[in-house]
Amino acid sequence: MATSSVLRRALLYVPASSQKFMTKSLSLASDNITYDLEDSVTPANKQTARTQLRDHLSSLSNKPASIGELAVRINAVSTPYALDDLTTLASAPNLDAIVIPKVNSASDLSFVTDVIRHAAPQRHASDPKANPLKLIALIESAKAVMDLRSICAASPYLSGLIFAAEDFALDLSLTRTPSLSEFLYARSAIVTAARAYDLPSSIDLVCTSYKGPEGVKRLEEECQNGKEMGFNGKQCIHPSQVEVAQRLFAPGEAEVEWSIRVLIADDKASAAGRGAWTLEGKMIDAPVVGKARAVVDKAAKCGMDVESLRQKWKDQKPE
């Protein structure tokens, strides 16, 4: 599945039980809006929220240009609600992805894939023009972490992994600390598996602090920490978190400028038959060039003015 263009720096949960919040979400600028049928909806309101979400998606003539992707978080496969969620919403217009909570094994993804193939076959055609529904799996347990290999290979429509810290802490009887060190193994395993299976998204834990300067500071620290570990996005539980997540999970201006200089100089070095060279005293070889290319590609997807920087550094030469 061609998913390399997917950008999910922020994945914002919006309760499907609130028409007010769903309507407001359409005015936001977010890579992803995920309407939630799981944790934010009580059992008594599941059916109403499901129908309300279907009507909300059907009422849209087009997805807002400021939103990259519209998704729904269904209920876990182990619950009596998942099948109705899928059969009701799989063919809904403007739906791009399905977030699946509590994925404990490959069978959970196989179930969702099979249901969608029957409920919305037009969204699972081999033709790329069919715009297949993407699946994003929430990893929430020790069992899931130990079974990442089979989970990642379970469906051709899998497009990312999400780490659910609170449920993972519950499963292992852990206490979450500001350092997040108790989650190091699980988070490392998730980003490594996502990369190994060429999934475009590895989305980090929720920051539960979001109010006031301290909340913003905590969110920034968590985003930076997650980026350093290899995550390329973050779950958000409040609209105020989206701008911070998208800014910090985008390449920095200095990083983009350096990367463009590397690429321009590398073209000239290659033309001269030089496989390795230096720039500002730093050795540049194939892995460095590859990283620079990835940075520039992502910067372009994030809307950064890459072409102006190319013009600025068009005369850059290898040292």
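Yeah, the Cβs are placed from backbone N, Cα and C, and that goes for glycine too.
Features as listed in TrEMBL:
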type    : residues   : note
BINDING : R73, E140  : substrate binding site
BINDING : E140, D167 : Mg(2+) binding site
DOMAIN  : 9-239      : domain 'HpcH/HpaI aldolase/citrate lyase'
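Mapped onto this structure are the features recorded in TrEMBL.
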residue	record	Cβ within 10 Å
R73	substrate binding site	26
E140	substrate binding site	24
D167	Mg(2+) binding site	17
Between D167 (Mg(2+) binding site) and R73 (substrate binding site), the C-alpha gap once rounded to whole angstrom: 15
Average pLDDT across the domain 'HpcH/HpaI aldolase/citrate lyase' (9-239), rounded to a whole number: 95
